[in-house]
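Here is the structure we will look at, set down as structure tokens.
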Amino acid sequence: MLLVIGLGNPGKEYQYTRHNVGFIAIEKIANQYNSSFSTKKKFNCEIAETISDRQKIIFIKPTTYMNLSGKSVISVKTYYNIYPAKIFVIHDDIDLETGRIKFKTGGGNGGHNGLKSIDGVIGNNYNRIRIGVGRPQNNQDVADYVLNHFSKPEYKTVMQAIDRITSNFGLILENKLEEFKN
């Protein structure tokens, strides 16, 4: 069983912001598996489930705001008894250029409040799929930057990255994490 978490903020006003690339990506991946989201209040998230290659995949989008994402993650992880090695968090990363993808297991949270929240409840030994959204320019506040919408060229670049993640997601199911990293 895999738990795949897309980080973002709920609400239409945040739908296409940099901070919501995790939501955008997970919706596309779940759609690839013909799985649609429904709200589960007891888990504080939207959840979609599917079975692929005899393996159950649970996709979640926390309905808490980013800073409280751990609340959703711990409730789903506990209910389904999922080990951290089988948890994959998809999130924005300002330390990567727009559209760049990096995969890592464990490590620090890089100041990302969603990851801080998750680390606080399950530790940090889970997998992360980081999608670059670039850095703010001209002393722009980081919070303002990640809560703003992409420019059209940035959005196109990010969607190409999400397409690559989606088309290679099967490697995760096959436990070919080294291949997925590349």
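Even glycines carry a Cβ here, placed using N, Cα and C.
Feature annotations, reproduced from Swiss-Prot:
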{"type": "ACT_SITE", "residues": "His19", "note": "active site, proton acceptor"}
{"type": "BINDING", "residues": "Tyr14, Tyr65, Asn67, Asn113", "note": "tRNA binding site"}
{"type": "SITE", "residues": "Asn9", "note": "site 'Discriminates between blocked and unblocked aminoacyl-tRNA'"}
{"type": "SITE", "residues": "Asp92", "note": "site 'Stabilizes the basic form of H active site to accept a proton'"}
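Among the recorded positions Asn9, Asn67, Asn113, the residue whose Cβ has the fewest other Cβ atoms within 10 Å is Asn67. Note on proximity: of the recorded positions Asn9, His19, Asp92, the one nearest Tyr65 (tRNA binding site) is Asn9, by Cα distance. For Asn9 (site 'Discriminates between blocked and unblocked aminoacyl-tRNA') paired with the residue listed as 'active site, proton acceptor', the C-alpha to C-alpha distance reads 7 Å.
Straight-line distance linking the Cα atoms of Asn67 (tRNA binding site) and the residue listed as 'active site, proton acceptor', rounded to a whole number, equals 11 Å. Neighbours of the tRNA site: apart from Tyr14, Tyr65, Asn67, Asn113, residues of the same chain with C-beta atoms within 8 angstroms of the site's C-beta centroid are Asn9, His19, Thr64, Met66, Leu68, Ser69, Gly114.
Around the Cβ of the residue listed as 'active site, proton acceptor', the same chain contributes Leu7, Gly8, Asn9, Met66, Asp92, Val133, Val146, Leu147, each under 8 angstroms and 6 or more positions distant in sequence. Of all residue pairs in the tRNA-binding list (Tyr14, Tyr65, Asn67, Asn113), the one with the greatest Cα separation is 16 Å apart. Non-local neighbourhood of Tyr14 (tRNA binding site): Gly8, Asn20, Leu147, each in the same chain, at least six residues away, with C-beta under 8 Å from its C-beta.
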